[in-house]
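K.L.:
The structure follows.
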């Protein structure tokens, strides 16, 4: 049961939290004719006091009303059938009650002499966990404990049955207490604080508990800190730093935990250092020589061990949810990082000073005062235990500092184990009985053990910061690698272009050379074929001449035969009348036949010859024509193909050069005309996104018509260029190596960005990234100025604002603002940041990436246009903060005040320039609407400006806003009353 204190009638009333209890007998009186129970006789009286105080009378224990024999039997039946813990504690009854063990001290030398004729007043039954307290030779009282330790029990066994379960609970995350109570000289300090330097088997509970704790923790992850205190004369003193006296005891009002913040805390690394600390503490502890004990402790010693353990997260355990910017839980978990679970537990080992009677101890003087203080604190402890055991509504926990220190041990959330030490001498039977009854009442106290577990958010934060640093470094390396890759790609592209140009040149040269060789070869082959045909023709001519000679010979032979025939005919005529012989006639006939045959043969031969000559000429002509045509056709086809390719390449190159020249002419024509229009569009966009009362220069409704016609003409020209050339080609010129081309191209993009219809197309085509790259990489002031103006135009759209922030635009703008000195460049940059300041979702990120500091840094220019844009950005930012405070998601002081903007705002609140003054007046009104800013505004002198604005501002809406703000703020009203200003 934990108790909460309530002040009542000058005392302390304790309101206990009700816990269901199981009534069971804890003391049994057994005589010769009595059974186990609280028994025995009607002369038993309840114990009135708690502990053996100075001069306290001790009555015999009485059986509680609920402890009937039947209930006692039932209790033993449950104990015998229930489960028993590994260290001997019964875990079936009330597992969280105070566990009590009794230890009997053997007789010392004086008792062996003085009580030689008397039997021990205590009889131990360790197997039954009972002890009998003899009243006389025929009557005794029996008591049941959780453990009964004989005078021969070793220190190791005492530790295992008394303290080890508590130590194991502490290592699991529960608070624990081990306490020794008994008459002076019965071995409490020996049981708890013996160092065992001479004999290691004599090590006490403190040393053995720390051995187990240090063996279980993991170095580097878990920590163990130790404090060693003593309560002397109701004063808490530090045994490790004796100069620290009267240390205060504090209680956590939320959890009720008791702590001693002024005590020395030593973090342990090994067992030897702990033993040295105990040795130092024991040396500083108060002790005195009395009749009952030569080294009697005159103070209560308290060893406070605080254990912090990290619990490994298992699969299925709770994981950390990352919050997004709006505070909503994101479904995406931090990969590989979980909040480590920390268990914080506390172990108290309390060596109480022994109770003693003044008449036996022979105390006087200062030691008598010490004894009184000891007995009073022990009496207060006994009263608290009595109240807890009887479920009393009032527990006097504040009667002593000892009971305050042990608030968590009895009726609290700690697992408590108590060892009561007694002596066997019948001379001290009264003190022994009082000690036994103290233990019996303590066994009725029940605690509510609670696990001390929490998430280690600091460790998680350190791990997340380390992971963030790693990711930032990795991102920087990736950005650097990407830039190097882009540079390499650009160089590779340029090399590829050079290679293509060189290849084209080589190809043209090779084609020309190949054509020359092919023509030369063809001419050579043609000459060879002509010569061959000439030889063949000469051969044919020679054969023809031979045939002609043969023909002439035949003709001559024919002529001679004709002449001979004519002579024969003439001879015939001369001899007509003469008779010729028959054989002459036959010869003539034969001769005529032969002549006719020769004539026919000659004609046939001539015809055949002419036919063969015709065929020969036809064959030669056909063969020559086919061979020549085939070679010429093949070579001509190849030459035509190569010539066509070369002509196509040359035409494409001429077309591209012509297109580039045309673009340059259009860009040069439009670049100078677009500057003024871009400036007007930036100011117009900023004015539209500015809050109430915020103004920027606008185009007057009464502007001359020729100016409007000029703007419309420029827009029509740009739109025509946009349609003819295409956005991608215009954006590609932003990466040209020619500075003039880049300047003209970025001016065209800035003019296109001034039209809302073109902004989405520019962003989709990658124009935003190209503009940001120009801000980052270009060293030309004109390019940076126009690029900043184009970004300002794009920043008029809320979607584009988020893209600009996501691509690191605010950082590039801030860097540009730091590097630039030109007022026009600063005006463009300030206009872009001012547009971003009007987005509620981006305020924290904008401030973290240096947006506000960049705005305040640009006031160094002192140029009115720059100051107007800075004032507009501050007004937009202040309005978003005011809106967030009104809707409940913005708390805390303004980020503008945190970044030091307030002095500049106050100094320029009455600026001569109307745009600057109105923006600043509006910003002050918005800052003043959030009450948490009121004290800073008063301290910075802004209250006087608010009063002036409420009375003198030319804008009625701003003047009314200032009046409402002053009336609604209690801080402003109290300050005005203090200054005797009536408002």
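A Cβ is built for glycine as well, from the same backbone N, Cα and C atoms used for every other residue.
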K.L.:
Out of 659-682, 683-706, 707-730, 731-754, which range is noted as region 'Disordered' by TrEMBL?
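P.N.:
It is 683-706 that TrEMBL describes as region 'Disordered'.
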K.L.:
Please find, within the list 477-497, 498-518, 519-539, 582-602, the residue stretch that TrEMBL describes as region 'Disordered'.
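P.N.:
From TrEMBL, the annotated region 'Disordered' range turns out to be 477-497.
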K.L.:
Among 542-563, 608-629, 630-651, where does TrEMBL put the label region 'Disordered'?
P.N.:
542-563
K.L.:
With Cβ-Cβ distances below 8 Å as the criterion, list the same-chain residues six or more beyond the ends of the region 'Disordered' (477-497) that contact it, or say none.
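P.N.:
Distant contacts of the region 'Disordered' (477-497): 735.
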K.L.:
Please count the residues of the repeat 'ARM' (725-767) that DSSP assigns to helix (H, G, I), strand (E, B) and coil.
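P.N.:
Residue counts in helix, strand and coil order: 35 helix, 0 strand, 8 coil.
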K.L.:
What count of other C-beta atoms do you get within 10 angstroms of the C-beta of residue 182 (ATP binding site), across all chains shown?
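P.N.:
Excluding its own Cβ, the number within 10 Å is 29.
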K.L.:
Can you check which residues sit near residue 188 (ATP binding site), meaning Cβ under 8 Å from its Cβ, same chain, 6 or more apart in sequence, and list them in order?
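P.N.:
In sequence order, 180, 181, 182, 297, 351, 352, 354, 421 meet the Cβ cut-off.
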